[in-house]
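Per TrEMBL, the features are:
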- A:10-523: domain 'Cytochrome oxidase subunit I profile' (DOMAIN)
- A:27-47: transmembrane segment (TRANSMEM)
- A:67-92: transmembrane segment (TRANSMEM)
- A:104-126: transmembrane segment (TRANSMEM)
- A:192-220: transmembrane segment (TRANSMEM)
- A:243-263: transmembrane segment (TRANSMEM)
- A:275-296: transmembrane segment (TRANSMEM)
- A:308-333: transmembrane segment (TRANSMEM)
- A:345-369: transmembrane segment (TRANSMEM)
- A:381-405: transmembrane segment (TRANSMEM)
- A:417-442: transmembrane segment (TRANSMEM)
- A:554-571: transmembrane segment (TRANSMEM)
- A:577-596: transmembrane segment (TRANSMEM)
Amino acid sequence: MAHGHAVKRYSGLMDWLTTVDHKKIGILYLISGGFFFLVGGLEALLIRIQLWKPLNDFVGADTYNELLTMHGTTMIFLAAMPLLFALMNAIVPLQIGARDVAFPFVNALGFWTFFFGGVLLNVSWFTGGAPDAGWTSYAPLSTTTFSSDHGVDYYVLGLQIAGIGTLVGGINFLATIINMRAPGMSFMRMPMFTWTAFITSALILFAFPALTVGLVALMFDRLFSGNFFEVSNGGNAVLWEHIFWIFGHPEVYILILPAFGVISEVISTFSRKRLFGYSSMVFATVLIGFLGFMVWAHHMFTVGLGPVANALFSIATMLIAVPTGIKIFNWLFTMWGGSIRYTTANLFAVGFVPTFVMGGVTGVMLAAAPADFQYHDSYFVVAHFHYVIVGGLILGIFSGLFYWWPKMFGRMLHEGWGKLCFWTFFIGFHLTFFVQHFLGLMGMPRRVWQYLDGLGFNNLNLISTIGAMLMGLGTVFFIINVIITAFKPRDAANDPWEDGRTLEWTISSPAPEYNFAQTPLVRGYDAYWKEKMEGKKAMTPAEPLGPIHMPSPSILPFVMSVGLFIAGFGLMYHWHIVTIAGLGITLLCMFLRSVYDDHGFHIEPDELQDKGVKG
Amino acid sequence: MSASHVEGKLPHEPEKATLEGRNKVLGFWLFLGGETVLFGTLFSAFLALRHQVGDGNPTADELFKLSTVAIATAILLVSSLTSVFAIQAMHRNQVKAMLNWLIITVILGFGFLGLEIYEFYEYVHEGHKFSTSAFSTSFYTLVGFHGAHVLFGVLWITLLIIQISTKKGLTVVTAPKVYVAGMYWHFIDVVWVFIFTVVYLMGKVG
């Protein structure tokens, strides 16, 4: 079948280990991100069980520290990021009319390094203690003086390896979106989700290297007696906070921007209207990305940076409310006068809007530096960031999953179970976190494993725990839905929602291996909708039918990541031979990749099938 | 695509002749953007900690010998020039000249590394170890990160020289590799200019 170069094609497990297809990598991200979401969710439930009554001793204080650290770290780095990468991988190339991403091999490498970094981090549960210094891992708590077991070593090395994956993934999407758009797809005709993926990737590129340096510095301090944060030898603990948050604040925009993109697509599709104020949406996205780098010190108001620094960072933080407000109003005006269909995807999107506004309002409250001295390290902060991350990001991811599920798997998720999932999760979410605002204002500190009786915390904590159980139930309903759907025939139409506006709905569900038999010609924003409005059934092709060049599958990304995983253990336990062996495996793979060129293979026009070959 | 290089002569800019090549060059520019943040953060950490020498330990002024560092700087700057000559030769399709300039670049790179190892060796003997003070830790991390980049660069370019001279020749597949290796080498050079200024010159006056 392959012309010119014979290429080995795998099936079964080997197919998944060697794939460089962005759609399959998207599914791998979805499965492993979903798995870590369940792990992080379980940790959250254990936290809430511990807090359901005063002076509870369900878990010990040490275990509680591990649980809260691993819950935060897992949810941010191993659940939220990969779930976004799942949607970006599955959809962005389709939305810009591309056959693949710019670097398919690097794309696979990004997935496997994330995966093995995540596994390394979680291995810590079985080797004598998980990280317990909080997801922010502030020095000196995270230095060997106060954290002498290997927990924080797992944090440092696991996140370092996972971070490589995120960084190369970001570069890959930037290059893909800049270089591989279909003819006519100018920047100002790109779908909103692609725009947000683009800006998010740029933020990843400029934020993650700071985390890399921070983790290296902490690793040097812990493993090689360095002095970056060792105050007795001239180190500076506040330096860690600066480095962490100059990465960490852009990180929250890395998370939320793609969710904004999903909401824009879903609301526009199910209102049967063009997205209101598209150009201002693009402008607001870019502005949020830019301002995201200017506000890191608002996490450090109580450190003592002085009134001038606090005032400047306070104002910069409040400025972000302006582009975010633009987005909120644009979504409302998109719905205004539209013929709205409340599918599950749209329920999640519509539920997102007021929930996210609530998180934004508490954000502006926290941005006022003098008031922040009251809120700092209380449950008010916990309520705030869960409103923006769960109420914003997770609702957005659910919305995107229900919306694009047919494009990823060829089957529609069940709407009844979907609505049950939405209402349980949505009500559970507000029950859990709304009351935490008041717990915080009443003075309940975060990250403490017990509270005393008679402080007025009892009822609100009980409500919060019941809400968390409901969120867990909602997630179970989603899993049931996925299982039921997996047994249904793969019969989703190309444009299953019938109102699809963008290029991914012009091809079969799931998309074939080569995406587009002929690259489409894009004649405007909402490319497919424009053709529909002119009475056409399909896109005008921009090229004749011809053989399609495809990259070869490769096991090297998997083996490279295994090498890093092994080297991580070697570094932690000072087994130098293991470290050298692990790094040697990775370097050997890089050598092989450089020496043996990938000529790929061609799919001939008579071999083009309609349906994808996966499930 | 990748098969088209077999017949005919190379286009004028072989590194940008294919979409794969253009992707590689663009992706590498983006990667260097990330590297800039990486070194920017290392510089920030060094600037924050460079006066934390501790009691009885040698200060920057006592340690640094500008003569050695100036020679290292000259070597690295010249190697950047020779890598430009290599790319120019590539654009003229003179494979032999390109390889020779790359070999000179690698030799200069190894010369730089030798000087740096000698320098570190001297410092350790004068009591400036990695774990001595916050100054020493941040110094070795910043300069060592740069040194590791140089080491990776010379190994990478050596591998390219061997591949092109023995088997593959200059094609639209190998040309982008040479081009991005050249970009990488320039980047390392620019970082060194900043290290020379911020670490060594400021160490002498401040």
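Cβ from N, Cα, C; glycine included.
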| query | Any contact between the transmembrane segment (A:381-405) and the transmembrane segment (A:192-220), i.e. 3 or more CB pairs below 8 Å with pairs at least 6 residues apart? | reply | no
| query | Do the transmembrane segment (A:275-296) and the transmembrane segment (A:67-92) come together with 3 or more C-beta pairs under 8 Å, pairs six or more apart in sequence? | reply | no
| task | Residue list, the transmembrane segment (A:554-571) vs rest of chain: Cβ under 8 Å, 6 or more residues beyond ends. | result | 14, 17-18, 20, 105, 108-109, 111-113, 115-117, 119-120, 153, 157-158, 160-161, 164-165, 219, 223, 577-590, 592-593, 598
| Where does the mean pLDDT land for the domain 'Cytochrome oxidase subunit I profile' (A:10-523)? | 96
